[in-house]
Each structure stands twice: as C-alpha cells, then as structure tokens.
Amino acid sequence: VFPDVVTHNVMIDARFRAGDVEAAMAVVDSMVSQGIKPGILTYNAVLKGLCRNGKWDKAREVFRAMNECGVAPDVRSFNMLIGGFCRVKEPDEAMKFYKEMRRRGVTPDIVSFSCLIGLFARRGKMDRTAAYLREMREFGLMPDGVIYTMVIGGYCRAGSMLEALRVRDEMVGRGCLPDVVTYNTLLNGLCKERRLSDAEELLTEMRERGVPPDLCTFTTLIHGYCREGNIEKALQLFETMLHERLTPDIVTYNTLIDGMCRQGDLGKANELWDDMHSREIFPNHITYSILIDSHCEKGQVDDAFGFLDEMINKGIVPNIMTYNSIIKGYCRSGNVLKGQQFLQKMRDAKVLPDLITYNTLIHGYVKEEKMHETFNLLNMMENEKVQPDTVTYNMIINGFSVHGNMQEADWVYKKMGARGIEPDRYTYMSMINGHVAAGNSKESFQLHDEMLQKGFAPDDKF
C-alpha cells in the first residue's frame, strides 16, 4: 500500500466523519485524476462513510463502480452495506447484499450474521432469525453474548418466553454467561406476561451469578408491579434501588407517578413529584401528560390547567393527548362548552383536534342533552377532514333515540350510511328501541331484519 493511498484514505475518512460527503467524494476524484487507482481499502472507506451518512443510493452506485473497476468486494464491504440497511430497517436490501455475498463466494463472518439476526429479532420475525442462527453455525461460527441477547429479545417481543428462556439455558450451557442486558431483556418479557414471581426468581439468579441489577432492572420491575396495581411492592423496589445507590431517572419516576395516579392516589403522586424535583430530575412531557390526565379524571381541571401552564412555560410542547385530557376533564365535570372553547387554544398551539377530541365533546353534549350541538361538531369534523367513526354516530343516534327524536336519529343513520360507515349491533339496537318506544313498528321490524342480515343478534328484550 503506497503512502499516497493511505493519505487519501485518511482524508476521505476525516471528511465523512465531519459529515461532508461531497468533500470526501472530491478526494476520491482527486485520487483518480492523479492516476492513483482506489483499492479495496479506499472503496471500503467510501462505503463506510456513505452508509454512516445515509447516502444509500450513492453507496449502491459505488458498490457497482468497484465491481466495474475490477475491485472485488470483501466481507467488510458487504458487512457495511448489510449493516447499514439493517440499521435503517430495510430487510429486503440487507438480504439482497447477503445473497450477493454468498453468490460471489465471500464467506460471511460473525458481524454479517449479527446484523441480520439483530434486524429480524427486533422485528419479532423469529423463523428468519432462527434460520440465520442455523446458517451461522453451519459456517462454524458460534453466537456470542450480544447475539444470544438479541435472539432472546426477539422471542420476548414475539411473546415466546419459553423459547427465550430455552435460549438463555443454551447460552449458559455453552459457557456464555448472561450479562445485565440479557437479564433485563428477560425481565421485561416476564413482566409483560405478568409473570412477576418468575421475574423475582430471575432477579435472585442474577444476583447469585454476580450480575448486579442496574437502573433498567429496577425500573422494569417497578413498571411490572405498577401495572399489576401492586404499588406497595413497586415502592419497596424503589427503596431497594436507592439503598443500592442507584439514582432513579425520569422514566422511573414517570412509572411510579403513573402507577399512583392509576390507583387514584394523587397525593402520593404529588409526593413523588416533589421528591423528583429535590433530586434535580425534571419532568418531561410524559410526566405532565400523566398528571394532567389524572387530575382531569378526578374532575380537578383547574389543577390540570396549572400543570398545562407550567408545561408550556418550561417550553415543553403539549401533544394532542394532553389537550384531549383537558377537554375530557371539562366534559366529565359537566362543562362541555368550556371544553369546546378549548379547541381554539389547541389550534392556536398548532395542534389540530382529532377523532378522540370530537368524540369526547360529542359524548359530553349527549350527556348534557344538547343534541343539536352535536350537529355543529359533525360539521366541524367535516370541514377539518376528521372522519367520524361508528362510535361517533352511535352516541348521536342513541342520544336522539332515548328522547324519542327519531326523525333526527333517522337522519344521522342515513348520514352514517352515506359516509360509508357500517352500523354495528349497538347502532341497530339504539334505532330499534327508539322506534319501538315511538310506536313505529314498521321501521323497527325493517331495522331488525337488516340487523339479522348483517349477522348481528338482537337483545333478549326485543
């Protein structure tokens, strides 16, 4: 390798690292103009830089060019392309280059398989993952801890904990000891399946093997217990974590605050809020959204508004879910008009109302028996290109039907059909019961027949 080539390769790599793709390619052009033929090292440096900078079309072009120039790609060339396309979740492209690699007789290495196994395991495609694992072994390559952990994670995502634990046993049997990432992956899978006693046993095993639990370990278990409503156990784990000198982060606090709020214990949630601030851990949009939603659920809209104002003042942008929580709070407390007025605040903040926003308001007006306001909301939805769903129409139809306003209910039912939205059993029963109560036997029997044709069973009362 001549110094000139080495110098150019260093320059190419430096420019790619700086994100200056054009300058890097200009160095390649300069090499060629000086009569210096790029070799495999240069092409690999270029492929690496292009993949790192997301220039996929250019990477394909360079791959073709190196072949045309008689420079045969090696395993590193293919790995950079396979790995790059795996990172951007393009399995077809990654597999295409893997097949090309095999066709050319280039032997894949552990990096090649690690990329492909990781890609398919992350997507929960475990048949494909297992196939690459088998192929890897056929080449005499043994999975390492990273690959085993990726496979375990894939089975956990696919809901196959039996397979995940089998792979863990195989891993240990081959003398490859699980690390904290492996254990955290398994703990997360067990907690998702609500197997908390098994998760506790795994935590014990982890300690016995000399693998100290980390923040992720505790947060995963805390989330599992909060999800089960066992706040006492979640708090015990939190105290153990602090005793082991692990500092909680915003995810830990959000998990606990959410658990408290789900139990309706806003007092304890507020204590955690204070504790979080005392540790100089500051709330994010998730923290605020949890507290806003919980206070609204309790009808404490003013408190929720306080959190919203604080959130905005801190430069944290509320999302549609946050605004929907406030509107739901107003509707729950019997103040739908204020909820509708809040729509303008949303629009001012460049957040457009969605189906949940409108369904919440419609439900509120139906409860307050202000049925004609629901027509205004339907018109607003139409103007804003928000498509109503079956729930939207069912609320309005039922609202009119229970008060005997069958002319309006029929109009909404026809509007629903014109929009191409299929009625469900609830739609039919609301209409039938309304017409029966109004003495419209002909209409009720027609709807009954239509309902049966659609495969819906009527109430026993009919």
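Easy rule for this one: first residue shown is 1, then count along the chain.
The backbone N, Cα and C atoms fix where each Cβ goes, glycine too.
Caution: TrEMBL annotation is automatic and unverified by curators.
The average per-residue pLDDT of the prediction over the repeat 'PPR' (4-38) is 87, rounded to a whole number. Annotation source TrEMBL lists repeat 'PPR' at 4-38 (among others).
Within the chain carrying the repeat 'PPR' (39-73), a Cβ under 8 angstroms from the stretch's Cβ atoms is held by residues 1, 5, 8-9, 12-13, 15-17, 19, 21, 24-25, 28, 31, 80-81, 83-85, 88, 93, 101, 104, 106, all 6 or more beyond its ends. TrEMBL lists 39-73 (among others) with the feature repeat 'PPR'.
Annotated repeat 'PPR' per TrEMBL: 74-108 (among others), in sequence order.
If you look up TrEMBL, you'll see 109-143 (among others) marked as repeat 'PPR'. Tertiary neighbourhood of the repeat 'PPR' (109-143): same-chain residues 75, 78-79, 82-83, 86, 89, 91, 94-95, 98, 101, 150-151, 153-155, 157-158, 160, 163, 171, 174, 176, selected by CB-CB distance under 8 Å and a gap of 6+ residues from either end.
Annotation comment: TrEMBL describes 179-213 (among others) as repeat 'PPR'.
For the repeat 'PPR' (214-248), the DSSP counts in helix, strand and coil order read 27 helix, 0 strand, 8 coil. For 214-248 (among others), the entry in TrEMBL reads repeat 'PPR'.
Using DSSP to sort the residues of the repeat 'PPR' (249-283) gives these counts of helix, strand and coil: 26 helix, 0 strand, 9 coil. The repeat 'PPR' annotation in TrEMBL covers 249-283 (among others).
TrEMBL lists 284-318 (among others) with the feature repeat 'PPR'.
Residues annotated as repeat 'PPR' in TrEMBL: 319-353 (among others). The list of residues near the repeat 'PPR' (319-353) in space but at least 6 beyond its ends in sequence, with Cβ under 8 angstroms from a Cβ of it, reads 285, 288-289, 292-293, 295-297, 299-301, 304-305, 308, 311, 360-361, 363-365, 367-368, 370, 373, 377, 384, 386.
Taking Cβ pairs closer than 8 Å, the repeat 'PPR' (354-388) reaches residues 320, 323-324, 327-328, 330-331, 334, 336, 339-340, 343, 346, 395-396, 398-400, 403, 405, 408, 415-416, 419, 421 in its own chain, all 6 or more past its ends. What TrEMBL records for 354-388 (among others) is repeat 'PPR'.
Residues or ranges marked as repeat 'PPR' in TrEMBL: 389-423 (among others).
Annotation source TrEMBL lists repeat 'PPR' at 424-458 (among others).
Secondary structure of the repeat 'PPR' (389-423) per DSSP, as helix, strand and coil residue counts: 26 helix, 0 strand, 9 coil. Remark: secondary structure over the repeat 'PPR' (424-458) totals 26 helix, 0 strand, 9 coil, with classes taken from DSSP. Panel annotation: around the repeat 'PPR' (74-108), residues 40, 43-44, 47-48, 51-52, 54, 56, 59, 63, 66, 115-116, 118-120, 123, 136, 139 of the same chain, lying at least six beyond its termini, place a Cβ under 8 Å from a Cβ of the stretch.
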